[in-house]
Amino acid sequence: MGGASACIPLCLLLATARMARPQTPERPVFTCGGILTGESGFIGSEGFPGMYPPNSKCTWKITVPEGKVVVLNFRFIDLENDNLCRYDFVDVYNGHANGQRIGRFCGTFRPGSLVASGNKMTVQMISDANTAGSGFMATYSAAAPDGKGDRYCGGRLEKPSGTFKTPNWPDRDYPVGVTCVWHIIAPKNQLIELKFEKFDVERDNYCRYDYVAVFNGGEVNDAKRIGKYCGDSPPVPIVSERNELLIQFLSDLSLTADGFIGHYKFRPKKFPTTTTTPVTTTLPVTTGLKPTVALCQQKCRRMGTLESNYCSSNFVLAGTVITTVTRGGSLHATVSIISIYREGNLAIQQAGKNMSVKLTVVCRQCPLLRRGLNYIIMGQVGEDGRGKIMPNSFVKMFKNKNQKPMNALKNKQC
């Protein structure tokens, strides 16, 4: 009896200690899509941090309190990499129904903060049947429309004229990890004229790191891209095809620069207009061609010169052939890029700082590509983003002395 009495205080002490022990917070369980509300929360691909499933389409609808805007921050992203994000990707939209697309993301690049124009945002992830990764994880939060801080930018512009600029302009450099989207909307019978007054964005030959992209219409759509810009030379004035333009600015997590300030104004449609030539040219896509006896019996010789073939080609590059595989009379090659002079719709694969493309030589020995050799290659682009090399395509050995005339051609207006 005495022993039992002595146990009572000890048992109470142990029970109290167990109750006082801090509880380990539960890890969120991520499912395919859902309705998310409140001031803040988490969003992630199905099964994160495990591999996301193939052949899936997941949609999350986020709503924060009225009078606030949604701010989305990606903490981690690992999806199948593709230059055009055609296979596995995450789309982010303003609103819930038929909203403007703010951005499309894939690979492992983590974009900056994404800000909706209102209190609703839609996130959609699509995966195909092939390569997968760990997916993504992001946080969303509510912010005051006019108190989002220096890291936030973008918005809907509907006044007859106005200005847009990078965060911190002109006091200091723009910050790292920023994504800004300005959606300019004019009345139906008007167009939009765009001019950059000052421009200084981290320089790169292919504008891979920090860049400004301008699109006809109200969403990020490579088929409607007017140009992609970086460096310290302001783009030439731009005139929209219709009454909407979208401007996207993105900075990565390394170097920054002064940034830019630009102005826009509406103008009547009746004025004669010419849309500026894109920096990254989008040309008509050619259909896939199969080798035929007649086609492959053509004389195998290149036609014309560097100059005469440059503008008629969808893409122009110098590169090293790293792999070749023969399939059904055609040669499929992977080419590591030395320099690219004209990109068109060519799908460029990137691994670190190395870039490569897939090419199909329709008639496998005409023209002849050998592994380990460097070539200047001009050709067309198929619907799959591969380069198409025909018997009369311009292909020649690339030597260092070719660099100067090729750079001169790169500045040529076609």
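Just so it is clear, glycine is given a Cβ too, placed from its N, Cα and C backbone atoms.
Quick caveat, the model's predicted, so the values are computed rather than measured.
The following features are taken from Swiss-Prot:
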SIGNAL    1-22  signal peptide
DOMAIN    32-143  domain 'CUB 1'
DISULFID  C32-C58  disulfide bond
DISULFID  C85-C106  disulfide bond
DOMAIN    153-267  domain 'CUB 2'
DISULFID  C153-C180  disulfide bond
DISULFID  C207-C230  disulfide bond
DOMAIN    296-414  domain 'NTR'
DISULFID  C296-C363  disulfide bond
DISULFID  C300-C366  disulfide bond
DISULFID  C311-C414  disulfide bond
CARBOHYD  N354  N-linked glycosylation site
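Following the DSSP three-state reduction, the secondary structure of C296 (disulfide bond) is helix.
Note: C296 (disulfide bond) has non-local neighbours G329, V362, C363, C366, P391, i.e. same-chain residues 6+ apart with C-beta under 8 A of its own C-beta. As a summary of secondary structure, the domain 'CUB 2' (153-267) carries 3 helix, 58 strand, 54 coil according to DSSP. When the disulfide-bonded residues C32, C58, C153, C311 are compared by Cα distance to C300 (disulfide bond), the shortest distance belongs to C311. Rounded to a whole number, the distance between the Cα atoms of C85 (disulfide bond) and C32 (disulfide bond) is 20 Å.
Listed disulfide-bonded residues: C85, C106, C180, C300, C363. The one with the lowest count of other Cβ atoms within 10 Å of its Cβ is C300.
Annotation for C153 (disulfide bond): spatial neighbours V115, K165, T166, P167, V178, C180, F249, criterion Cβ-Cβ under 8 Å with sequence separation of six or more. For the pair C58 (disulfide bond) and C106 (disulfide bond), the Cα-Cα distance reads 15 Å. Within 10 Å of the C-beta of C32 (disulfide bond) there are 15 other C-beta atoms, taking all protein chains into account. Across all of the domain 'NTR' (296-414), the predicted model scores a mean pLDDT of 83.
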